[in-house]
Amino acid sequence: HFKPILVLCLATLALGLFVPHFAADRNSIVHLFEWKWSDIADECERFLAPKGFGGVQISPPNENLVVTSSNRPWWERYQPVSYILNTRSGDEAALADMISRCNAVGVRIYVDTVINHMTGMGGTGTAGSQADRDGKNYPAVPYGSGDFHDSCTVNNYQDASNVRNCELVGLADLNQGSDYVRSKIIEYMNHLVDLGVAGFRVDAAKHMWPADLEAIYASLKNLNTDHGFLDGQKPFIFQEVIDLGGEAISKHEYTGFGTVIEFQYGLSLGNAFQGGNQLANLANWGPEWNLLDGLDAVAFIDNHDNQRTGGSQILTYKNPKPYKMAIAFMLAHPYGTTRLMSSFAFDNNDQGPPQDDAGNLISPSINDDGTCGNGYVCEHRWRQIFNMVGFRNAVQGTGIENWWSDGNQQIAFGRGNKGFVAFTIGYDLNQHLQTGLPAGSYCDVISGNAENGSCSGKTITVGGDGYADISLGANEDDGVIAIHVNAKL
């Protein structure tokens, strides 16, 4: 008797929550960390859409605490004062304009949603509202002391109640079990759905009860069809649940009603591409590595938190050769919905985004070679990264075939008859390998771009039998080559 109901439920879930609603032939969410809304709109039109990117994760769009003590650090955006859409990135009109412009060119917007807590101190917000941290009073919502959990400190990760009912680093902890609190969160998220967003990154999901989140998500509206979404689709949900094992809370508690950001992914790949594990061992990359099922996961190499505090295993723009290799592997491998980091340069962990003397955000400048200036790293504009987004689009719908390794630090694999990649760490690769590709000449999209039938990088020739001679020197700028059918010369 239960089967038809189960099938119906699964079909309903498949219309959203677990799928990112990318337009056709697009992939990957890029986190344009601390960018202004007007700059994101420009970037959607001039770069992200033409290069095949799926969407943008934006910084929290709601009013946050102005923190002058540390010269406006990045983390002030994670201290909500209200759900008024007004931040240093722009006001509601600028946000709505960006969402419309990005959707118009097929690039989706995902909101970083901070609903676990309010501020960690008192003061004034970016829209001028007041935050009374000691009295737990936020009149612009309004929230009062009765809307929060009792004050205690998150200090025992072996105790799920401590993690979920106490205060994370002193941040006033909302009680999502309250119907009123839920109603304010739902109202905020549905306002964003009305504006045309495609989904939500849920900050600090591990610090909220799964049943409360499930109830909140169940009350979200369908995506706005005026923005090109199909009828009856729910927002894509990707939840921040840091689970590296050994704690009371498991990432699996959150997979029934949304995807989960898989922190083990970048940790293990960061270790492997720095030589801490043999690349050959990546042959069974996936759940056997204690990863979630790919359909439940958002995969990433680094994010705005762990590029600062994640330790030496986390690869970032500061270690570019293995970083680009790990990203190439992520984008070449079918696992998960992939997310890319786009940073501003920083020297200390609290440092805020590029800003003028008045605290206004400075826009990234675009250099003649397509890279960014004004203090922005723009990893998404690195050739080796955006060309692998193109690779992922070209190989969509195929599996891994023709896996090869030397048993150590050299690997290669194909994606059906659409694409092929090879990697080496530490010593030269010279092999005659089966690519699975049709005969012809291909542009290696890591070393160059394929444009108008010519290639600015290496050319790789595939014979009628699908084999090619693959050479990759240990001391080259990049320890990876990638060819695909859309880069055939």
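Yeah, the Cβs are placed from backbone N, Cα and C, and that goes for glycine too.
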Listed in Swiss-Prot for the chloride site shared with N303, R339, one of R201, R383, R392, R415: R201
Candidates H191, H207, the one Swiss-Prot lists with N116, R164, D173 as binding Ca(2+): H207
Where the record names R201, N303, R339 as binding chloride, the maximum Cα to Cα distance in Å: 12
Chain-internal residues, separated by at least six, CB under 8 A from D173 (Ca(2+) binding site): N116, H117, F148, H149, N165, C166, E167, H207
